[in-house]
Amino acid sequence: MFKKMSATTSKTDQKAALDIASWLFNVVTSVGIILVNKALMATYGFSFATTLTGLHFGTTTLLTTFLTWLGYIQPSQLPWPDLLKFVLFANFSIVGMNVSLMWNSVGFYQIAKLSMIPVSCLLEVMLDNVRYSRDTKLSILLVLAGVAVCTVTDVSVNLNGFLAAAIAVWSTALQQYYVHYLQRKYSLGSFNLLAHTAPVQAASLLLVGPFLDYWLTNQRVDAYNFSFVSLFFLILSCSIAVGTNLSQFICIGRFTAVSFQVLGHMKTILVLVLGFTFFGKEGLNLQVVLGMLIAILGMIWYGNASSKPGGKERRSLSIPITKSQKLSETNESDEKV
């Protein structure tokens, strides 16, 4: 009896340690790449967001190919229709985020990302028939209220930036839902899914990127005059992006898309503070800070409300469950937050 309890405690402690390590990995890489990209675009004028994203996935493809060659990534299957659908959502997500970062202040960029929580909840209601309690719904409304306060008062908001942020939010929510969906449906690990998606994303973004960037900025990427410092930041951005891509898949695989977004309030605070520290007080005023605090309080409230009995219930599943998956799902239930 004592040995069984000890083994259970040890397993719980190990899971908690892995969850914390995965989350810290995501926090460090996500905050780092936002700040590096902002410096590369704002300070050194490399405004080619789509091409930059293609280079990110090109670097990720090189790593996954190398790991596959070494045998660390095992062969797996992902049907082309599902792969192409995921890549479509993911490309719109990444391009939208990069363009939003270029056209908006760091503050509005990160605050807009907060709205991915209610969007992700809506997707779960529509696609997975999840039902939320009254407190959970009210917490989502509080998040929206905070975002609205920041949207109205942030002087750096413009129509193009707002539209880019809206596209980024919806496509990112769909992409994150699909990460969890595909990993579960096809029993794919984080590295396996990344090995399938990164080459297609790299090829499509590097093909479309230069033309889209020229349309957005009226500048040609091949005419950009690299300096030693800007080249260093470009290489640094590509290197960090590998960790960012991998950590996102790891975290969403261990948690869920909504929980992954709820935990994001720590990254929100870090990015806002570091953004205002390194890039000036652009768009910062009392109302923006108030809106930020309201939104973050709403996120914390959501985390508490949804974790209570009846706070978030799944009435049915959108993914067919086979007999072989039932056993694995029993084990996976211990891994989800």
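Just so you know, glycine gets a Cβ as well, placed from its N, Cα and C.
Annotated features, as they stand in Swiss-Prot:
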type: COMPBIAS; residues: 319-330; note: compositional bias 'Polar residues'
type: MOD_RES; residues: SER333; note: phosphoserine
type: REGION; residues: 307-337; note: region 'Disordered'
type: TRANSMEM; residues: 16-36; note: transmembrane segment
type: TRANSMEM; residues: 53-73; note: transmembrane segment
type: TRANSMEM; residues: 83-103; note: transmembrane segment
type: TRANSMEM; residues: 106-126; note: transmembrane segment
type: TRANSMEM; residues: 138-158; note: transmembrane segment
type: TRANSMEM; residues: 162-182; note: transmembrane segment
type: TRANSMEM; residues: 191-211; note: transmembrane segment
type: TRANSMEM; residues: 226-246; note: transmembrane segment
type: TRANSMEM; residues: 260-280; note: transmembrane segment
type: TRANSMEM; residues: 283-303; note: transmembrane segment
Contact set of the transmembrane segment (53-73) with the rest of its chain, CB cutoff 8 A exclusive, min separation 6+ beyond the ends, reads 91, 94-95, 98, 191-192, 194-195, 198-199, 201-202, 204-207, 209, 234, 237-239, 241-242, 245-246
Short question: most Cβ pairs under 8 Å with the transmembrane segment (83-103), which of 16-36, 191-211, 283-303? 191-211
Would you kindly check 106-126, 191-211, 226-246, 283-303 and say which stretch has the most C-beta pairs under 8 angstroms to the transmembrane segment (16-36)? 226-246
